[in-house]
Structures are given as C-alpha cells and as structure tokens.
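Chemist: Dumping the structure here so I can ask a few things about it.
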Amino acid sequence: MVRYKQDNASYEHSTAAISVSKPSGKLAYSSPDQVGFTTTTTPDPDDVGYCDSLGQKSKSREEGEFAWNKELQGLLLGSFFWGYLFLQIPGGVLSEKYGPRRVIFFTMLPVGLLGLVSPVSARVSPWLFLVIRILIGVGEGALYSATHALWGRWSPPSERSRLVGMSFSGGQFGNAMIFPIGGLLCSTLGWDSIFYIMGGFCTLWCFVFWFLVSDSPSLNRRISKLERGYIQYHVSYKDNRRKPAVPWRKILTCVPFWAILVAHTCGNYGLYMLLTQIPTYMKEVLKFDLKSNGAYSMLPYLFMWAFIALTSVVSDAVIARNILSRTATRKITSCTGLFLPAVCLVSISFLDCTQSMAAVALLCGTVGMSGVAFSGYMVNHGDIAPLFAGTMFGVTNVAATVPGIIAPYVVGAITPNKTREEWQVAFFIASGIYVFGGLFYLIFAKGTEEEWAKPESQDNSPGSRSMIEMGKGCDREKA
C-alpha cells in the first residue's frame with residue numbers, strides 16, 4: 001500500500017519508508033524493519049524553491065480582508081506623505097508667529113480623530129481611506145517644524161543636540177513599538193483595533209501636551225527663575241522682541257542650508273522606504289509570519305532610538321569640551337548616518353530567507369545608524385539660523401517628504417514578483433541616494449550661525465547677566 005501526503009511530500013510503502021525533503025528533492029530511505037521512521041535532509045540553501053515554498057505557506061495562512069494589489073498598496077502607503085507636504089512650511093511660520101503650542105495641538109487633534117474613523121473608511125472604499133490618510137498627513141505635517149520652533153525658544157546651543165535629538169527619538173521609539181503591538185492586536189483583536197487604540201492615544205496626548213507645554217520659558221511657571229533666566233540668556237528668541245520677517249532670499253541662497261536640505265532628503269528616502277516596506281520585505285523575502293514579522297520589524301527602530309539618544313549626548317559633550325568644532329561634529333554624525341546605512345543596505349540585498357537573522361541584524365544597522373544623523377543635519381537648522389529654525393526645517397522637510405511619496409511606489413513597481421533579486425535593485429537605489437546625500441553635506445555644510453540670521457541686539461541687561469553667572473555657578477556645583 002502506498003500513501004502520499006501533500007504537506008510534507010512524504011511517500012510511504014508497506015515495506016519501506018521514503019521521504020522527499022523540500023526543496024532539495026533528495027530521498028531518504030529506511031529499511032523494511034524500520035517502517036514508520038523517516039529521515040529528512042537539511043534544506044539546501046542554494047535551492048531557490050525552498051524560500052518560494054515558505055512564501056506559499058505564508059500566503060495561505062495570511063490572507064487579509066482586502067484584495068488590494070501591490071500598486072494600490074504602494075499608493076495607499078505613500079498617500080500619507082502627500083498630505084504631509086502641505087503644512088511643513090506654514091507650520092514653521094505659524095509656530096514662530098503665534099507659538100508652537102497652539103499649532104501642534106490644533107493640527108494633531110484631528111490626526112487622532114481621523115485615526116478613529118480610518119477602519120470604517122477602508123471598508124467603504126480604498127479611495128475614501130486614501131483621502132483620510134492624506135488628511136492625517138496634513139495634520140502631522142506641522143509637527144516637526146513646530147517642534148523645531150519650540151526648541152528654538154527653549155534650547156541653549158550647548159544642549160541643542162540632546163534636546164532636539166531626544167524629542168525626535170520618541171518618534172522612532174513609537175515606530176518600534178507599533179510593529180509588535182500592531183502585530184499582536186492584528187492577530188488577536190483584528191487589524192482595525194490598531195487604528196482605534198492609536199487614534200485614542202493620540203487624542204489623549206494632545207490634551208496632555210496642551211496642559212503641560214508652554215511656548216517659551218517666560219510663560220512656564222513650573223521652572224525656577226534661575227533656570228528661566230539661564231535659558232533666555234542663551235537663546236536668540238526673546239518674548240519682548242518683535243519677530244523679524246523671514247529672510248527668504250537669504251535662506252534660499254545659503255549654501256549650508258542646501259547642504260541640510262539635500263542630506264535630509266536623501267536620508268529620508270532610505271528611512272521612509274524601510275519604514276513603509278520592512279514588514280513587506282520580511283514577509284516576501286525573509287518569509288516571517290505575522291507575529292514574527294512584528295517582533296523583528298521593531299528591532300531596527302529600537303536601535304535607531306538608542307543611537308539618537310546616545311549620539312545626541314555625545315555630540316553635545318564633544319562640542320562643549322572643544323574636542324571638535326560644531327561644524328566637524330555635524331559633518332561626522334551626518335556622514336556616519338548616511339554612509340554606513342548604504343553599506344548595510346548593499347549587504348542585505350544579497351541575503352535570502354536562509355540567512356534571515358543576518359538580514360535582520362543588517363536592517364538594525366541600516367535604520368539604527370541612520371539615527372546618528374539626527375545629531376547632524378537634523379539639528380543643523382538651529383545652528384545656522386536659530387530664529388528661523390522652524391521655517392527652515394519646514395522647507396527642508398517638504399523636500400524630504402517627497403521620498404515618502406516616491407519610495408513605496410518605486411518599491412511596489414520594482415518588486416511585482418516579490419523576489420529577492422527585485423528587492424536587491426530597490427536596495428541598490430536607496431544606497432546610492434544615501435551616498436550622494438552624505439558627500440554633498442560633507443562638502444558644503446556649516447555649524448556656525450549665519451550673519452544674516454543673527455538678532456539685531458543681544459539682551460545684556462544686568463538681570464540677565466546675573467542669571468547667567470548664577471547658572472554657571474550651578475553647573476560647576478553639579479560637576
């Protein structure tokens with residue numbers, strides 16, 4: 001009697017047992033007195049069919065609610081960034097004029113509410129969902145430029161890398177957490193629970209932010225007079241000084257500004273490509289299931305969060321102790337955060353599902369090392385023009401958002417068959433963009449304040465001088 005079992009491709013005979021191991025197709029034979037005991041050979045890594053077979057099993061287990069093709073998926077993933085473009089520059093300008101607190105609250109509150117209605121819109125129509133995603137992007141578009149404006153009022157130059165870097169690292173920590181949490185929620189409560197829970201948290205956060213944050217030290221009653229005076233002495237922004245008009249011609253003809261813009265844009269291409277495509281890559285090439293996908297997808301962003309936090313502290317210490325100039329520090333961190341991810345991406349492109357752990361490690365290196373650049377070009381706006389940091393960040397982030405629109409669509413178009421070779425092309429393109437951005441920044445960047453950006457007069461009142469001397473005394477005591 002002969003039995004055939006489809007799942008493990010084993011063939012049984014009444015007098016002998018023969019098993020065929022996929023994908024190698026090699027036979028293992030057992031003698032008649034060993035009936036029922038079969039031997040399976042180790043999968044041959046060189047056999048492409050092995051990864052394909054894993055992909056077929058994964059596909060059969062993970063059919064989703066919506067039958068959207070890869071082109072539509074790429075369109076939906078990129079739609080957020082269409083809206084994200086709109087308020088980048090207005091968000092910075094409005095924050096500098098009316099205060100970042102109001103701008104952040106009134107743009108982020110709709111984001112939370114729209115997140116709550118996202119599942120309903122997706123079930124009605126993918127095009128309605130696309131509109132919702134665009135509107136969410138519009139709301140979030142003001143966040144980073146408003147945050148830069150906020151730190152322009154709060155961060156002394158000696159603490160700028162730390163404060164800006166640590167606050168921005170929270171976004172990467174959130175990226176890391178949503179992968180395992182999203183995977184768990186998706187597999188237990190359903191995919192729509194992700195939107196309900198995250199939308200609720202965003203709405204709650206807006207009200208907490210409104211009650212705890214102030215536009216400037218002079219408006220904050222939770223800090224001491226000593227700390228308030230110390231900060232106000234060191235920052236260019238003064239509450240009683242009329243805000244100068246934005247010098248657009250000076251900004252747009254400033255070569256160091258263009259160095260920031262190019263580096264920011266090139267760095268974001270790789271980051272946005274990975275942010276939107278890591279789960280897809282892990283499923284299509286590394287063949288992780290949904291739960292494993294979420295767990296492993298979080299690791300790169302945990303590394304990025306850690307690198308941002310560590311590098312921001314080290315950068316400030318290096319500058320404060322005169323080990324390196326601010327310009328040298330910005331160039332080293334920016335180039336590290338652009339060149340090393342390029343090397344990691346090229347290395348990843350040669351791996352397949354039989355080397356999945358190595359691929360995950362290199363993904364952690366790619367995304368993690370990108371975080372080093374947050375102490376470089378991401379805070380450089382405040383170095384060259386602190387009074388206009390929010391506006392300038394808005395301009396550079398407009399350019400840096402375009403890759404968020406392009407990258408998912410490019411990857412979707414390049415990988416229609418979901419093969420490793422197709423993904424290799426996508427990674428090569430991203431690596432080349434990383435390298436170009438690093439070289440441009442290395443040649444043209446600066447870390448000193450531009451003459452046109454300096455305030456007309458400094459606050460040298462006796463009270464302010466007294467505060468700064470007291471602040472220095474406190475610093476010596478802490479040391």
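Cβ coordinates come from backbone N, Cα and C, glycine included.
Heads up, TrEMBL stuff is auto-annotated, nobody curated it.
The domain 'Major facilitator superfamily (MFS) profile' feature in TrEMBL is assigned to 1-449. TrEMBL lists 453-479 with the feature region 'Disordered'. Positions annotated as transmembrane segment by TrEMBL: 72-91, 103-121, 127-151, 194-213, 251-275, 295-320, 332-351, 357-380, 387-411, 423-444.
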Chemist: For the transmembrane segment (357-380), find every same-chain residue at least 6 residues outside the stretch whose CB is under 8 Å from a CB in it, and list them.
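Modeler: Hits for the transmembrane segment (357-380): 160-161, 164-165, 168-169, 172, 256, 259-260, 263-264, 267, 270-271, 274, 278, 285-286, 296, 299-301, 303-308, 311-312, 314-315, 329-338, 340-341, 344-345, 347-348, 351, 441, 445, 447.
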Chemist: In terms of Cβ proximity under 8 Å, which residues at least six beyond the ends of the transmembrane segment (251-275) contact it?
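Modeler: Contacts with the transmembrane segment (251-275): 81, 175, 300, 334, 337-338, 341-342, 345, 363, 366-367, 370, 373, 376-378, 380-381, 384-385, 388, 391-392, 395-397, 399-404, 406-408, 410-411, 426, 430-431, 433-434, 436-438, 440-441, 443-446, 450, 452.
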Chemist: Near the transmembrane segment (72-91), which same-chain residues lie under 8 Å Cβ to Cβ, leaving out any that are not at least 6 residues past its ends?
Modeler: 103, 107, 126, 129-130, 133-146, 272, 276, 390-391, 393-395, 397-398, 401-402, 404-409, 411-413
Chemist: Which whole-number mean pLDDT does the model give the domain 'Major facilitator superfamily (MFS) profile' (1-449)?
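Modeler: Summing pLDDT over the domain 'Major facilitator superfamily (MFS) profile' (1-449) and dividing by its length gives 80.
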